[in-house]
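*Asks:* As annotated by TrEMBL, pyridoxal 5'-phosphate binding site applies to F138, D223, E224, V225, Q226, T281. Feature annotation from TrEMBL assigns N(2)-acetyl-L-ornithine binding site to R141, S280. Per TrEMBL, N6-(pyridoxal phosphate)lysine is recorded for K252.
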Amino acid sequence: MTEQVTRATFDEVMVPNYAPSAVIPVRGEGSRVWDKEGKEYIDFAGGIAVTALGHSHPTLVNVVREQAGQLWHLANVMTNEPALRLAKKLTEKTFADRVFFCNSGGEANEAAFKLARRYAFDHFGPEKNEIVAFNKSFHGRTLFTVSVGGQPKYKEGFEPTPGGIGHCDYNNIEQLKALISDKTCAVVMEPIQGEGGIIPADLEFAKQVRELCDQHKALLVFDEVQSGVGRTGTLFAYEQLGVTPDVLTSAKALGNGFPVGAMLATKDVAASLAIGTHGSTYGGNPMACAIAEAVVDIIDTPEVLNGVNKRHDLFVAGLTAINEKYHVFKDIRGMGLLVGAEVTDSFKGNAKAFLTEATKEGLFVLVAGADVVRFAPSLIIPEEDIAEGFVRLERAVAKVVADNKTA
Ligand SMILES: *Cc1c(COP(=O)(O)O)cnc(C)c1O
């Protein structure tokens, strides 16, 4: 018999690290989701840039069914065909020659940071071990990744954290110059900061980061966990920056909701993760790789990628129209379908209010920090769902504005 559970059950049985909304969705199709009571929601959140092909995509459902009937898992004492096919595709489509599979963005970054240290150790000795990263960046929740991440609150109380890590401001080349040295083994950056507030890298900055890395023989690691797999209108965002990293991490949209992560690297760099240096029990299992292969096949087509840019314009237009009426946003920015709307000073620290009201109106949105409302919908969200979503968002904004006046 199935036990009856409600939102209240969460507080009874779950570790209290999340504060989930009262809504418990039970079914999704495309960019629409329904809860137990049958209430419908439009999904402008995409499970935080994960469900890039929406919910229950028919091709993916078939792939899951077929693979589930064939083979789930073997352990890495053997390889498998889906993993080999996926790795082949990823290397053909990117700068990379080698791939390591894991199960999440944090794990992909953990592998990348370990590889950077190990590569420097192999080629330059143990002194070259420092990692430079950026303030406000987000790279995951393991102890190493919160340490490289630029948000001190995620480290608080978990010390001692790994050392040899420095931070400076994003898009500030002078600060980076002051921090980088011949002891730096890697510079880690998101081509567009996601959790930090949807902040794209300046093209000139990205170019100079690459030059500084070359000058100091440091690896350039791009964290594309959020920006990758079509999110910005190209398979990976680095293609638009005109800068090629040495190591790149991917997860989130790669599995469309099925856990999978990947670290991509050049052949020379990858060689430092020699036999026995690193591993993962589930990493590269046939189930996850079969799904990711289908995701990449569908997304890396002109049809889907061009559609991302078209939908970007629709999102910017929708947000601009609401803003002309209600004056709640001081900046609307982003790349592709990773769009942020920074709230004006009257709503400073309270972007969450827009999320809360939107949910009540039947719309999922996200925040990125305390001041930015974030949108990361399916890359193939139907235009009528975008239109209906903005009708609901306008109602939510009107309520937030009214509440703000009476407060
Ligand atoms: C979400 C995210 C991560 C962490 O991914 P998990 O799958 O939650 O471990 C790392 N880096 C970036 C840029 C992300 O957006």
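Glycine too: its Cβ is placed from the backbone N, Cα and C atoms.
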*Asks:* Out of the binding-site residues I have (F138, D223, V225, Q226, S280, T281), which ones have their Cβ sitting under 6 Å from ligand 1?
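*Replies:* Listed by sequence, the hits are F138, D223, V225, Q226.
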*Asks:* Work through the recorded positions one by one (R141, K252, S280) and name whichever has its CA nearest to the CA of E224 (pyridoxal 5'-phosphate binding site).
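*Replies:* Result: the closest of the recorded positions to E224 (pyridoxal 5'-phosphate binding site) is K252.
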*Asks:* Tell me, how many other CB atoms lie within 10 A of the CB of Q226 (pyridoxal 5'-phosphate binding site), whichever protein chain they belong to?
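*Replies:* The answer is 28.
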*Asks:* Using Q226 (pyridoxal 5'-phosphate binding site) as the reference point, find which of the recorded positions R141, K252, S280 has the shortest Cα-to-Cα distance to it.
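*Replies:* In terms of Cα distance, Q226 (pyridoxal 5'-phosphate binding site) lies closest to K252.
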*Asks:* Look up D223 (pyridoxal 5'-phosphate binding site) in the DSSP assignment and report helix, strand or coil.
*Replies:* strand
*Asks:* Using only the Cα atoms of F138, D223, E224, V225, Q226, T281, which the record gives as binding pyridoxal 5'-phosphate, return the largest interatomic distance in Å, rounded to a whole number.
*Replies:* 25
*Asks:* Show which residues of the chain containing S280 (N(2)-acetyl-L-ornithine binding site), separated from it by at least 6 in sequence, have their CB under 8 Å from its CB.
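*Replies:* The list for S280 (N(2)-acetyl-L-ornithine binding site) reads N76, F101, C102, N103, E107, given in order along the sequence.
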*Asks:* According to DSSP, folded down to helix, strand and coil, what is T281 (pyridoxal 5'-phosphate binding site)?
*Replies:* coil
*Asks:* Based on Cα coordinates, which of the following binding-site residues are within 10 Å of K252 (N6-(pyridoxal phosphate)lysine): R141, D223, V225, T281?
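*Replies:* Cα within 10 Å of K252 (N6-(pyridoxal phosphate)lysine): V225.
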*Asks:* Which state, by DSSP, holds F138 (pyridoxal 5'-phosphate binding site): helix, strand or coil?
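*Replies:* Reduced to three states, the DSSP call for F138 (pyridoxal 5'-phosphate binding site) is coil.
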*Asks:* Could you round the CA separation between R141 (N(2)-acetyl-L-ornithine binding site) and T281 (pyridoxal 5'-phosphate binding site) to a whole angstrom and send it over?
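*Replies:* Per the Cα atoms, R141 (N(2)-acetyl-L-ornithine binding site) and T281 (pyridoxal 5'-phosphate binding site) stand 19 Å apart.
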